[in-house]
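One structure is given here, and the rest of the page talks about it.
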Amino acid sequence: KQIRKIDDWLPVTASRNGKWWYSAFHNVTAMVGAGLLTLPYAMSELGWGPGVAVMTLSWIMTLYTLWQMVEMHEMVPGKRFDRYHELGQYAFGETLGLWIVVPQQLVVEISLDIVYMITGGKSLKKFHDLVCDGRCKDIKLSYFIMIFASAQFVISQLPNFDSIATISLAAALMSICYSTIAWGASVDKGKADGVDYSLRASTTSGMVFDFLGGLGQMAFSFSGHNVVLEIQASIPSTADTPSKKPMWKGVIVAYTIVLLCYFPVAFVGYWAFGNSVDDNILITLNTPKWLIAAANMMVVVHVIGSYQVYAMPVFDMMEMVLVRKMRFSPGWKLRLVSRSLFVAFTMFVGITFPFFGGLIGFFGGLAFAPTTYFLPCIIWLTVYKPRVFSLSWCTNWIILIRGSIFLFYPVCLQ
């Protein structure tokens, strides 16, 4: 009874009233984020052929591994794996599963929230600078990060995924809007004079590092798997309508939107500017100012929602440890203190290390690849044990080999 009471309070299991469209915009908010605007730059590191191939394969492979996660949520009759680490514990054992999944999941979610804290602050500053047009006093980035964090201090007190549904919907809509502005403005500008599609680097070692960097950035762009089980946990499930049906319906809608956002931005942005494109396509565009200002404010709204989607599983882990292990009483005071400390931590790191966003490629290889490409396939092979050289066996091993490139990218840079 006490465990049931705690489960009804914890963010991930508190509410199971989600609809299939909640799955759609939660997944869009989780996936379409800061990495979207770096895709033309990643294309400039890879070139046309490899860039198109990597984008297409990443979309197909991550859709497949996401399908695996959705299927495994209720693969044991009468039991739901509401959290990524619970699935890992079932596959690898109580202790080993926890140590395999939790560190990687926390690295992904905390690093993303730090990146979103910085991105929110930078976009606010860019909006301010564009609107003022040199007429206002220059304000440091640190203050804009604080302004962004102040919104997170308030919104973080919302208890669970269902309660942030409206924020997530607004974030998903904004992601569609600013991605459309990014590729639409690029089309309007047309191909730049003397556009050059040759690789950025001129040396062999530089080309290799750039290629691996582009792979890492694209890995970062497909990182929604870290919260998919927690999102599915918010959807009701019955014998007639298991949660995987509405969840998968939402995933298909989300991935269609991802396709319509990612591919035009990556390909049109690279087509227009070639290897002179900046690591943020909005910086390269710069004009018309009112449109770019609006796009930056849309980015702010979007990363407010993205921050919350990735923070919710962290809140769940924190509150689970505090209540179950440390015997704190569940309530609003515990939630206020613990969540405020987390927001303060991400704000502090964002202010102290504003270049943290430049480590997207590093985290793309180190943490996003295992949780997106490796773990779903390894768990699938461990649990279902498909016949050697069967279609399922071959598909999973192909994805594992592809993911190994992302995994060892950070090691190659050392």
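Glycine too: its Cβ is placed from the backbone N, Cα and C atoms.
TrEMBL: automatically predicted annotations, no manual curation.
Feature annotations, reproduced from TrEMBL:
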DOMAIN    17-408  domain 'Amino acid transporter transmembrane'
TRANSMEM  20-39  transmembrane segment
TRANSMEM  46-67  transmembrane segment
TRANSMEM  139-158  transmembrane segment
TRANSMEM  164-185  transmembrane segment
TRANSMEM  252-273  transmembrane segment
TRANSMEM  293-315  transmembrane segment
TRANSMEM  336-356  transmembrane segment
TRANSMEM  362-381  transmembrane segment
TRANSMEM  388-409  transmembrane segment
Query raised in the report: Is it the case that the transmembrane segment (46-67) and the transmembrane segment (293-315) have 3 or more CB pairs under 8 Å, with pairs at least 6 apart in sequence?
Result: no
Query raised in the report: Any residues 6+ beyond the ends of the transmembrane segment (20-39) with a Cβ under 8 Å from its own?
Result: 55, 112, 115-116, 119, 161-162, 165, 168-169, 171-173, 175-176, 179, 182, 217-218, 220-224, 226-228, 231-232, 234-235, 246-247, 249-251, 253-255, 257-258, 261-262, 265-266, 269, 279-282, 299, 302-303, 305-306, 309-310, 357, 360, 364
Query raised in the report: Of the listed stretches 139-158, 164-185, 252-273, 293-315, which one has the most C-beta pairs under 8 A with the transmembrane segment (336-356)?
Result: 139-158
